[in-house]
Each structure stands twice: as C-alpha cells, then as structure tokens.
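What Swiss-Prot annotates here:
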- 57, 61, 64: [4Fe-4S] cluster binding site (BINDING)
- 101, 132, 192, 264: [2Fe-2S] cluster binding site (BINDING)
- 42-269: domain 'Radical SAM core' (DOMAIN)
C-alpha cells in the first residue's frame, strides 16, 4: 500500500508501469483512500475555461484544431475585449465556478499583449474568482508581470512523455515546457500542468508523463488529465480510441503519485457516460471544467454536470466571495472598457 500522504519526487517509470498492472479495483481503492486522506469528501473544484484568442497558432501540435497548419475549419479570432472576459467571468461565477481560466492560441505572448492580459487578470480577480491563464511559453519577465497582476495559476501541459513527445510536437522542445514551468514557479504563481492520453502513445509513455509531473521540483497544484478529442483535419483525427479503464487508471495513478494536487478530469468528458465519470471521481479526480465548451471542443453543459453531481452526492467547492464590492467594480469595469476601443485588437496580425 502506497503511503497516502507522502509526497515522493523520485518515481521511476518501472514503478508506475507496475501500478498500471494492478487489478483495477485494488488500484481505484488505493487512489480513493489517498484522496480521502488529503481532500474533503465528495467535493469537486469547478473551473470555467474561456478562449480569449482562438486559432492561427503557429505550432504543430498534432492533436490541436487551433494550429494554423491544419484545415479544421476553425476561424481565426481576435484577442477579445477585456469587458467580454469580465462578462464571461461573471457568468462563470453565477454557475458555481471558483476559478476562471483564460486560454490564448499562441506559441508565446508578445509584450504588446501584456497590458490587456494584465487588465483581464485584475478584473477577474475583482470578482473573487481564482484566475488562471494558458498562453504558451513564458520567459521570466512575462511570468513576473502576470504574477504581479495577481494571476493565481498558470497552465502549461507537458502533454506526454519525453520519449514520445517529438511524435506529437516539433515546434517547441520538452525542455522549453519545463523551462516555462520553472519560470512560473519562480514568479510565485501556482502551477497547473498535466497531459493528454490517447495520442497513440504506449503504456510506458503514460507512465513517463506521470513520472515527469510527479518528479518536478514541486508537484503541480493542479494536474489536468485530458483524453484526446479527435478533431477532423488534425493528424490524429483517426487515432485509436483509448480504453476507458486505462483512462481511469491514469487518473488513479495521478492521484497516488501526487496526493495533494487537484487532479482535473479535463478534455474528453463529453464522450464519457455518467458511469465512467463517476469512476474517475472514485479514482481521485476532484476538479472539472464547467460549461459547454473547452476552448474549441465540446464539454458537458452545466445542467448535465449539476444532475450528475446530485446523483453522486458531490458538492462544488465553495466560493469565498463578498459580492457587493466586487460587483460594483465589475459593473464599472464593463462600462469603462466598452468606452476604450483600443482594448480590442488583432493579436495575430503582423502589424
């Protein structure tokens, strides 16, 4: 039995391969035991994810419909106004989200983007929501700017194992990703980092991904586990389906290796039935994205999730929020930013 409160950062792929070989029921039982030793019972953290700049990404991630290299029918969209971000954040809070995540399809943000991003962070924080961004690679200076503006979390996934990585992405290295995570951590922000399974990887690659995450100098506070969403036009549109039990085992092992991290049941939920999702929660998942879309891919709507939570007796993580003060700030912000046309620009243009 694994010590269910100890944090280890010296895991080996061989050890994790052995965990994948455990009987399913035994593994899930251990994962649930670990979860109960570290988190409140029957409580799930709820986040909302908004695409603040969609499409035309120069990267070649083979799973991604936002890459400019693939014909997926996705239209390029401008960086959206700060006021629209604030409006979406208010709606997210009203439906029970405690964290608001903003994603931009960039290899990395440019300095000209930063003032708009910093305003978004400040306005979301004024609502009493935790804030998170995923913008691509960050240098030290950019990480410091985001941190100083109050950004709570920064997401930058490792995607897969180091050994399989160049089969999926060639436009940035694995070390680039690790360097960004180091810059985020050094700035004082919390780290959100996970990966995708079902990319055609071997079992040892799933083990390798989890080992990389668990053995970081400090384990991520949030670990999203994504199941590939196959999108027509991407190189992985015809990838073989990943067995649901393998996916659930991946969740369980993430919980065992990172006992104090939130493990997020992320992309791919729209294709999962309620029973599969319930087993993921049993295996230690305690975070989801709420809302009918994750950037550009489908996600269960809020009503479906609410019904599932009621069936399972799951509660949403509470919001510590004083509405009167924040609501006034947000309402004023919407008026203020609507009056500033310069806060809307095409971040993908070369001008």
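From the backbone N, Cα and C atoms, a Cβ is placed for every residue, glycine too.
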Original post:
In angstrom units, rounded to an integer, how far apart are the Cα atoms of residue 64 ([4Fe-4S] cluster binding site) and residue 101 ([2Fe-2S] cluster binding site)?
Top reply: 18
Original post:
Average pLDDT across the domain 'Radical SAM core' (42-269)?
Top reply: 92
Original post:
For residue 132 ([2Fe-2S] cluster binding site), what residues in its own chain, 6 or more apart in sequence, show a Cβ-Cβ distance under 8 Å?
Top reply: 47, 99, 100, 101, 102, 151, 152, 153, 154, 155, 192
Original post:
On a count of neighbouring CB atoms within 10 A, which of the binding-site residues 57, 61, 64, 101 is highest?
Top reply: 101
Original post:
Same-chain residues six or more away whose CB lies under 8 A from the CB of residue 264 ([2Fe-2S] cluster binding site)?
Top reply: 45, 47, 194, 222, 223, 224, 225, 285, 287, 288, 289
Subject >> Surrounding CB atoms that lie within 10 Å of the CB of residue 192 ([2Fe-2S] cluster binding site), all protein chains >> reply: 28
**OP:** Taking the recorded [2Fe-2S] cluster site as 101, 132, 192, 264, identify the other residues of that chain whose CB atom sits within 8 Å of the mean position of the site's CB atoms, giving them in sequence order.
**Re:** 47, 49, 99, 134, 153, 155, 222, 224, 287
Original post:
For the [4Fe-4S] cluster site given as 57, 61, 64, which other residues of the same chain have their Cβ within 8 Å of the site's Cβ centre?
Top reply: 59, 60, 63, 65, 66, 67, 105
